[in-house]
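Taken from TrEMBL as is:
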DOMAIN    14-159  domain 'Phosphoribosyltransferase'
BINDING   Arg47, Gly48, Asp102, Asp103, Leu104, Val105, Asp106, Thr107, Gly108, Lys109, Thr110  5-phospho-alpha-D-ribose 1-diphosphate binding site
BINDING   Asp103  Mg(2+) binding site
BINDING   Asp106, Thr107, Gly108, Lys109, Thr110, Trp148, Ile149  GMP binding site
BINDING   Asp106, Ile149  xanthine binding site
BINDING   Asp106, Ile149  guanine binding site
Amino acid sequence: MTDRLPHEKGFHVSWDQLHRDARALAWRLQGQGPDEGAWRAVVAITRGGMAPAMIVARELDIRVVDTISVKSYNHQTQAAPKIIKSPDMDVIGDGTGVLVIDDLVDTGKTIEAVRRHMPKAQIATVYAKPMGRPQVDTFITEVSQDTWIFFPWDMALQYVKPYRGTD
Ligand SMILES: O=P(O)(O)OC[C@H]1O[C@H](OP(=O)(O)OP(=O)(O)O)[C@H](O)[C@@H]1O
Ligand SMILES: Nc1nc2[nH]cnc2c(=O)[nH]1
Ligand SMILES: [Mg+2]
């Protein structure tokens with residue numbers, strides 16, 4: 001178990017923002033596949049990669065969608081990443097023409113494990129921190145290493161007190 005650096009800042013992502021950023025990722029990946037620009041399949045890194053992978057698959061009209069499950073974090077503490085479910089290797093092969101999608105790269109350890117599994121795949125994330133950035137082929141937004149990204153599925157709308165009280 002490695003205790004991670006403290007996260008001084010929070011970056012809170014709404015569904016709307018995630019949708020726009022995942023669409024931007026699809027836009028960037030479009031036409032980059034090896035078969036006349038097309039991609040054969042999408043593999044989502046569960047669980048955080050599933051929503052962005054769905055949006056990318058929809059935008060790029062990719063109907064073959066699979067998952068790879070990597071377990072490493074327990075809340076904000078990281079252990080060695082372990083692949084606990086692989087995609088269908090008959091379909092995915094060495095990853096040629098396959099897009100692997102995750103919500104973010106932080107230390108890059110999750111993607112390192114995935115890349116060993118599918119060395120020829122194109123790996124893309126919506127958000128990237130500097131440490132993991134070299135591990136991904138494509139990303140949309142960089143956030144600093146001391147920032148924790150909060151995704152819409154981790155949050156709920158709640159009341160916020162006004163700056164100036166009336167009582
Ligand atoms: O670059 P790394 O330091 O390896 O961290 C990035 C990974 O951590 C988070 O997943 P997590 O393991 O928390 O699981 P989840 O997607 O199921 O929430 C995130 O969704 C990435 O997959
Ligand atoms: N939600 C979330 N999961 C992570 N896993 C590794 N880094 C992060 C992060 O910044 N936010
Ligand atoms: Mg994840």
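Every residue gets a Cβ built from N, Cα and C, even glycine.
Within the same chain, the residues at least 6 positions away from the residue listed as 'Mg(2+) binding site' whose Cβ sits under 8 Å from its Cβ are Gly48, Gly49, Ala51, Pro52, Thr125, Val126, Tyr127, Ile149, Phe151, listed in sequence order. Here Asp102 (5-phospho-alpha-D-ribose 1-diphosphate binding site) is positioned 13 angstrom away from Lys109 (GMP binding site), judged by their C-alpha atoms. Among the binding-site residues Asp102, Gly108, Ile149, the ones whose Cβ sits under 6 Å from an atom of ligand 2 are, in sequence order, Ile149. Just so you know, the Cβ of Lys109 (GMP binding site) picks up 20 other Cβ atoms within 10 Å once every protein chain is counted. Between Asp106 (5-phospho-alpha-D-ribose 1-diphosphate binding site) and Trp148 (GMP binding site), the C-alpha separation comes to 9 Å. Spread of the GMP binding residues is 17 Å (greatest Cα-Cα distance among Asp106, Thr107, Gly108, Lys109, Thr110, Trp148, Ile149). In the three-state DSSP scheme, Lys109 (GMP binding site) falls into the helix class. When the binding-site residues Asp102, Asp106 are compared by the number of other CB atoms within 10 angstroms of each CB, Asp106 has the fewest. Only Thr107 of the binding-site residues listed as Thr107, Trp148, Ile149 bring a Cβ under 6 Å of any atom of ligand 1; the order follows the sequence. For the binding-site residues Leu104, Ile149, the largest tally of other C-beta atoms within 10 A is found at Leu104. Put simply, the two farthest-apart Cα atoms among Arg47, Gly48, Asp102, Asp103, Leu104, Val105, Asp106, Thr107, Gly108, Lys109, Thr110, the recorded binders of 5-phospho-alpha-D-ribose 1-diphosphate, are 17 Å from each other. For the pair Gly108 (5-phospho-alpha-D-ribose 1-diphosphate binding site) and Trp148 (GMP binding site), the C-alpha distance works out to 15 angstrom. Closest by Cα distance to Trp148 (GMP binding site), from the binding-site residues Arg47, Asp102, Leu104, Thr110, is Leu104. With respect to Cβ neighbours within 10 Å, the binding-site residues Thr107, Thr110 differ, and Thr107 shows the lowest count.
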